[in-house]
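Structure first, then comments.
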Amino acid sequence: MRGPGKLEVWKMGFVNYLDALKLQEKLVSDRKLCRIPDTLLSLQHPPTYTLGKRRTDHNLLLPVSELKNIGAELHYTQRGGDITFHGPHQAILYPIISLREIGIGARNYVEKLESTMIELSSLYGVKACAGQKGETGVWIGERKIGAIGVRISYGITSHGLAYNIDPDLKYFKHIVPCGITDKEVTSLRRETATVLPAEEVIQEQLISCFARLFGYSTVTWKENPSIFSDHESID
């Protein structure tokens, strides 16, 4: 075991959910074989609902046939957690990192993801906290601002966190977010009195919070990496 060293950040912009899923699978395989360093994907998705491995379809509140009418897709995944929404103006981080090399367990890992979003919120004067027992993610009172759903395979992580900067909250009306009833979803735009900078700035701040909390000594950046030319085998 050794402490965190290098983190490679891929700034990817908008990526279709299935493309991001295939890329994560490829990178997890590469990380297991030590072909790549710890890697963090920073991106956004088009409107997409995802279900975790528990397959809680009942928490989708409209027929699948109607998703196209609202411009959204539905995908099933092997991550933990319940149904959630990904869409524009939401900052998503998918860490592909080795927990064994860092020397932390699954619970500590999730707590650090929560702390990443809590620390970002505090930069804008917003007091967020981890959920109570049975409530995943990060909350501001009774309102959820950040979701977490992770997969860990042989100590290598995938999937990750989604932080609401200013998404269209109407999409959350069609689900029971993360399977928790009678709670609202909120955004940084709605909660802060501060004028927000460009979303790219906020996403970089989120990455910086992640890197600091996980103790990485070196962070390198890839702008708009050409994922499909470098990783032909994900098709």
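In case you wondered, yes, glycine gets a Cβ from its N, Cα and C as well.
A TrEMBL annotation is a machine prediction, not a hand-curated record.
As recorded in TrEMBL, the features of this protein are as follows:
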- CYS178: active site, acyl-thioester intermediate (ACT_SITE)
- ARG79, GLY80, GLY81, ASP82, ILE83, THR84, PHE85, HIS86, ALA147, ILE148, GLY149, GLY160, LEU161, ALA162: substrate binding site (BINDING)
- 34-218: domain 'BPL/LPL catalytic' (DOMAIN)
- LYS144: site 'Lowers pKa of active site Cys' (SITE)
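Positions of the features from TrEMBL, shown on the structure.
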residue	record	Cβ neighbours (10 Å)
ARG79	substrate binding site	21
ILE83	substrate binding site	25
PHE85	substrate binding site	25
LYS144	site 'Lowers pKa of active site Cys'	25
ALA147	substrate binding site	26
GLY149	substrate binding site	24
LEU161	substrate binding site	23
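Note on the domain 'BPL/LPL catalytic' (34-218): mean pLDDT across this stretch is 91.
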